[in-house]
Each structure stands twice: as C-alpha cells, then as structure tokens.
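Presented below is the structure to which this report refers.
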Amino acid sequence: MLSEGALAELQRQLQLQNEQFAERLRHELPALGELAGELQHSGRPAQRREQVRRIREQLHKLAGAAGSFGFGPLGERARVLEQRANRWLDSSKPSAQALGAFARAVRQFAEFAWHDGHAVPDLGPGDLHDEPLPGCRIYLLESDAVAGAGMAQTLDNFGYETLLCRDFPTLQQAVEQQLPDALIVSVSRDDELLPIAALQQRLGTPLPLLAIHADAGFASQLAAVRAGAQGFFSRPLDLAQLENSLERCLNRQQGEPYRVLIVDDDHALAERYGLVLRNSQMQVQTLSEPQRVLELMHTFNPEVLVLDVDMPGCSGPELAQMIRLHDEWLRVTIIYLSAETDINRQMAALLKAGDDFLSKPLGDSELIAAVYSHAQRARSLSTALSRDSLTGLLKHADIKDQLAIEVQRASRASKPTSVVMLDLDHFKQVNDRYGHAAGDSVIRALANLLRQRLRRIDSLGRYGGEEFVAVLPECTAEEARRIFDEIRERFATLTFNASDARSFTVSLSAGISATDGETPPAVLLEQADQALYIAKGDGRNQVRIASVG
C-alpha cells in the first residue's frame, strides 16, 4: 500500500504530466484543424485519401493518450472520428459531400478542444447526418447463398458493412486480413462451431459473436457458449431481433465508462483503489467522509458503490441501508471492503443491503474483476428496468422525462431542440394479415434503425403500440425533417417475412415540432402529434413540420 507521502508524490507527477500534455495540445490541435481545412479544399481522390490518412494518424494519437492525462471527453471524441476515418480508408469510397462533413466535424472538434479539452461538444446534427456514415463491419458465415444474401442486405439496410462468407476458410482469411467488429455464424451442426471457437482463442481478445443454429436444444446452445457466443438464434430467424442483439453486443464493447463511487475513511487507500479502476477505463469518485455520500449519489449517479465496512461515525452497512431507503438507487450494486475474515460477520454485513464482500488486502486484478462484473450487471439491470422490453427504447414516462430535461437545456443554452413523433402506417393491417409476431418484428426493426441513424445525444422512446418519440437536442425542425425523411426512405426498403413465408414492406409517417426552450414539453408533444395527424391524413409515408401560430 502506498503511504500518504508516496501517494502525494505520485499525484504531483501525474498532474505535471497532465500539464505537459495540455501544452502539447496547444500545438497539435491547430495543426489538426489545418489538415481538416486542406481536406475541405482538396480535389483529387488520391490527395483526399492521403489527407484522411494523416488526419486519422493524429486522431489515433489523441484517442490513445488523452484519457490517460485527464482529457477523457477529448479522447472519446477523437476515437469516434478516428473510427469513421478508418472505415472510409479500409473499405469505402466516400463522396465529396461526406468528406466535407467529416472535415467540418474535425475542424469543430479541434477548435473547441483547443480552447477547452475537458468540454468537447458532441458533433452537431449537420455534421453527423450530411450522409449516412459507414457502419460497423460484420462478417457473416452462411453457406446458403440466397439466405446469406438476404441477411447481408438487411444488415446493410440497418447501416452495417456486411461481408458474406460461404465457408469457414473464407471467413478465417477475411479475419486474418482485417478484424471485423463482430461475427455472425450460421451452422447446422454443433461441430461446425469448433473452428469458430479455435479462431476466437487464437485472436486473444474474442470478437462479439452471434450464433444461428438449426437446433435450439441444450447441446447446441452449450456449443455456442463454448465458442464465445453472446447471442443465440434458431430458425426461422427474426432478423430484427438478431440486429437488436448485435447492437447490444457492440454497445457493450463501445459503451460509456462504468461509474464507481468508493467510500473509505483511509483517504490514501481510497485514492489507490481509484487509480487502479481509472486505469481500467472506469469513471471513479472517492470519498473519505460518509456524510457526503448522499450528495454524490445525486450528482455522480454511480452504478457501483464500494464501501469500507468499518468507518467512524457511520459503518458501511449502515450507509448501505441508508442508500436502500431511496427507490432510485435500488439498482446500484454495493460492494463491502473489510479486513474482516470471520465468515459469519461477512454474511451479517451482506444481509444488510450488500451485494458482495471483498477482503483486504485486495489485489488489483481482484478489485477490477469484482467491480467490472458488478458494474456490467448493474447497467444491464438499469437498462432493463427503464426500457421497453420489445424495442430496448425508453418507456413512455421515461421519454417524457427526457424531453423535459432537454427543453430545460435548450432554454439555458438558447439552442433548438426538435421533437419527432412517428407512427407505422396501416399497422393494424400488418397484425391482422401476418400475425402479431410479424408485427413485433416490424416494431423492433424500426427501433433498431432509429438507433443506427441517430446520435448518441438523441433520445428515443416507444410512446405506445406502434408510436415512437425522438428528442433531438441542438437540431432545428428542418434538420430533423431531412434526417427523418432519410430514415423513412430507408425503412421502406426493409422486407419482412411472415411465418407462412409471405413477404411485405411497411411505411411510416412522422410529425415534427421544435423549440428554443420557450415551449413547454406537453405543447411540443401536442404539436408533433398534430403534424403527424396531418401527415397521415395527407396520404401517409411522409414527414411534416408543425405549423405554429
């Protein structure tokens, strides 16, 4: 364990490194902005490609280093832009319009980050939606040419870049040449999963894997798990459900850092644990005064609470029981830390609102593994409780709460926020003709497409039945119309299959309202609903903006 003096010296050195990195940013960010400016005005394709490559190299350096020096938001935004550049360089031929949008996004990033590297803004709607961005790269193993082509086309419509492989050697060669973001394998026998398992083992870090099997029995699911599958599907296949699972796997790989609050009256020890978890890409706050816990629970909203059992004035179990008095914190996982070795006393502490017990002294790897596994479970539980079970979108009450939050932000910042209300056209006929299972597949597909096409700062909710609501901060009504017209057109290209093999398509209509923070949330919803009503009455399959005044 580090002494207080050694810990203070370590923190001083870390602060000095942070300051040196900040000085480095003063030179590198303007240079990055200049590169982006050159890309905006370049003409020849070869020249544009070289400029994107140079920008990608600079973004890669920033993404790798920024988080280690206290510039986490800057690093995350650089990583998003780097991934976009990577996909274009690897497999796409972006248009001049798309490259222009990318260059503007990089320039905006460089300018804001230069002034304040800790408060890098999200990319604006115009930069993200000027042209559909290359999606995650998916390798699909399917021996049936017709079925494989249909699956690949559907995944492409959802925004993925899909490579269809007819046999395992082709898949293996593709993986060796370039790693995908995820694998989908379709097999008829359990032994066909053995080479997939061997491939995953050779990779070291397994790829997200979804398995499609002709048999849904226990042995088949066990074989899939042993191959590293995170999702399992049997035939007939619900492609919308598969895409939903795929997105969940990818979000797990690329999600926000887990939030951990450590409370220990030994300040040096709490900071030591905090440094360990921060180095594992977790967001950590530490406290040595239990009296401040309730305040931080509100402002920091941790997913895992690590409590020392023996603290003066208020023990860990007492503090845990106080936390459990509040319904909004029932989802938080509580881990006790103590040098106590008596199993009976450990069990007594666990019975008082705890979820796990770790004994001091505690190894770094043990701490990381325990906190990570509990944080992962806590986030999954929180998502399940606040999200609609069919679509994974926010429930009716939660999307209304999110709208109220965004309207308040719009009022403070004097920036626009748009509200979009969507409805599937003739959906009752879909259920009547093709069955409710087919209808559920349509609803899931629209939810998945909305998640693919919108930004991380946008909020999506299932408002009821076949009706959805989207809240788009910093987005005008006209920008929202352009975005949702593109979504409407893309959704109309999706083909759905009923249980009797009949295929069909579905269209959607949408209404839009907008505010700069002066219009109450309830009025915005009413205006969007009225615009939707007009779109429906005027022939459906269109997007309308509410007329105000």
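Glycine is treated like the rest: Cβ placed from N, Cα and C.
Model confidence over the domain 'Response regulatory' (137-250) is summarised by a mean pLDDT of 89. Positions annotated as domain 'Response regulatory' by TrEMBL: 137-250 (among others).
Residues annotated as domain 'Response regulatory' in TrEMBL: 259-375 (among others).
Annotation comment: TrEMBL describes 415-548 as domain 'GGDEF'.
Counting every protein chain shown, the number of other Cβ atoms lying within 10 Å of the Cβ of ASP308 (4-aspartylphosphate) is 22. Annotation comment: TrEMBL describes ASP308 as 4-aspartylphosphate.
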Task: Secondary structure tally of the domain 'Response regulatory' (137-250) (DSSP, helix then strand then coil) - done: 58 helix, 25 strand, 31 coil
Task: Tally of DSSP helical, extended and coil residues in the domain 'Response regulatory' (259-375) - done: 54 helix, 25 strand, 38 coil
- [ ] With DSSP as the reference, give the number of residues of the domain 'GGDEF' (415-548) in helix, strand and coil.
- [x] 58 helix, 36 strand, 40 coil
